[in-house]
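Everything on this sheet refers to the single structure shown next.
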Amino acid sequence: MGMLARVALGLIIIDAVLAAPTTELFNYDSEVYDAILEDTGTFYNYEHIPDNHVENEKVSERLSGNRELLTPGPQLGDNQDEDKDEESTPRLIDGSSPQEPEFPGLLGPHTNEDFPTCLLCTCISTTVYCDDHELDAIPPLPKKTTYFYSRFNRIKKINKNDFASLNDLKRIDLTSNLISEIDEDAFRKLPHLQELVLRDNKIKQLPELPNTLTFIDISNNRLGRKGIKQEAFKDMYDLHHLYITDNSLDHIPLPLPESLRALHLQNNDILEMHEDTFCNVKNLTYVRKALEDIRLDGNPINLSRTPQAYMCLPRLPIGSFI
């Protein structure tokens, strides 16, 4: 009987494990990045955060069991004025508890409404999440901020001082705002910025960017014919992924760094490609090994007219050959 009981218990445990939902983190570097964006209804999965921070967040979610985390109530008494003040305090829209951030000041700098940024948003170590908070401007960020997410807000402009002196910033994600204007020095002086995501906005002119970038997504904006400066990406020697889909571009922004692995330009107005766009016409043995993912589908270009333009590539571009 004891053996049967242990077998039954083992089967119950295995069944519970198999029934548990899996968690997939959003991967910026995926080869099917665009497909993931189409299939993903929310952007609340984060990556490149130290494992212990992610684990802390998951633990606090299990403990809270509630998406809305209210600020602590008054310690003594039940004075009505104190209750009213408590009700007027913004809620943290996140499942994680606000741990003590690694910044000067417990809750970081204050916004224009005199709320601490880490109370209005959610700070986990050096990562700041301000997603879906109806913000109309970049909040003042703690000086040690490394990753900043402010997606699905109403931000219209990025000022040159919004990220000033934030020398540790590695990622900025401002997906799905109303951004139409960016000051020229908004990003250029950030010494360690690696990933910049500005997709789904109204940007008409891309400012000068730091050469440290490895990942750029400016898809679904309004860059048009003149929105990208000449040789904008030339000196980005570590740039791996460049996404400029749905922008009414009529040309491929050249030159592109040798480090580039993925170039997505679908759904633009590109009409032609030159033989030296990707290859070296003076060196017929040249092979561009890194660039394996080129998307030109949704453009009026006929790729069959310039076969020499991609003879050096490991894979044919995706697009029309008719």
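Numbers here mean position along the shown chain, with the first residue as 1.
Even glycines carry a Cβ here, placed using N, Cα and C.
The annotation signal peptide is assigned in Swiss-Prot to 1-19.
For 58-108, the entry in Swiss-Prot reads region 'Disordered'.
Per Swiss-Prot, the feature O-linked glycosylation site maps to S64 (among others).
The O-linked glycosylation site annotation in Swiss-Prot covers S96 (among others).
Positions annotated as domain 'LRRNT' by Swiss-Prot: 106-143.
What Swiss-Prot lists as disulfide bond is C118-C130 (among others), and the listing cites similarity to another entry. Under the DSSP three-state reduction, C118 (disulfide bond) is assigned to helix.
Secondary structure of the repeat 'LRR 1' (144-165) per DSSP (helix as H, G, I; strand as E, B; remaining residues coil): 0 helix, 5 strand, 17 coil. What Swiss-Prot records for 144-165 is repeat 'LRR 1'.
Residues or ranges marked as repeat 'LRR 2' in Swiss-Prot: 168-189. Listed as Cβ neighbours of the repeat 'LRR 2' (168-189) (distance under 8 Å, sequence separation of 6 or more from its ends, same chain) are residues 43, 48, 126, 143-160, 162, 195-210, 222.
For 192-213, the entry in Swiss-Prot reads repeat 'LRR 3'. Predicted-model confidence for the repeat 'LRR 3' (192-213) is 98, expressed as mean pLDDT.
Same-chain neighbours of the repeat 'LRR 4' (238-258): 28-29, 33-34, 194, 199, 212-225, 227-228, 231-232, 264-271, 273, 277-278, 288, 290-291, 295, 298, counting only residues six or more beyond its ends whose CB sits under 8 Å from a CB of the stretch. What Swiss-Prot lists as repeat 'LRR 4' is 238-258.
The repeat 'LRR 5' (259-280): residue composition by secondary structure is 0 helix, 3 strand, 19 coil, according to DSSP. Annotated repeat 'LRR 5' per Swiss-Prot: 259-280, in sequence order.
In the shown protein chains, 19 other C-beta atoms lie within 10 A of the C-beta of C279 (disulfide bond). Look at Swiss-Prot and you will find C279-C312 (among others) tagged as disulfide bond, backed by similarity to another entry.
Sequence annotations record features per position, and here Swiss-Prot assigns N-linked glycosylation site to N283 (among others) based on sequence analysis. In this structure, N283 (N-linked glycosylation site) belongs to neither helix nor strand by DSSP; it is coil. The number of other CB atoms found within 10 A of the CB of N283 (N-linked glycosylation site), across every protein chain shown, is 9.
Residues or ranges marked as repeat 'LRR 6' in Swiss-Prot: 290-310. Proximity of distant same-chain residues to the repeat 'LRR 6' (290-310), defined by a Cβ-Cβ separation under 8 Å and at least 6 residues beyond the stretch ends, is recorded for 31, 34, 245, 256, 258-279, 281, 316-322.
According to Swiss-Prot, the feature N-linked glycosylation site maps to N302 (among others). All protein chains included, N302 (N-linked glycosylation site) registers 14 other Cβ atoms within 10 Å of its own Cβ.
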Distance from C130 (disulfide bond) back to C312 (disulfide bond), taken between C-alpha atoms, in Å: 44
Pairwise CA distance, C130 (disulfide bond) versus N302 (N-linked glycosylation site), rounded so that it is a whole Å: 43
Among C118, C130, C312 [disulfide-bonded residues], residue with fewest other Cβ within 10 Å: C312
Tally of residues which DSSP labels helix, strand or coil - the repeat 'LRR 6' (290-310): 7 helix, 3 strand, 11 coil
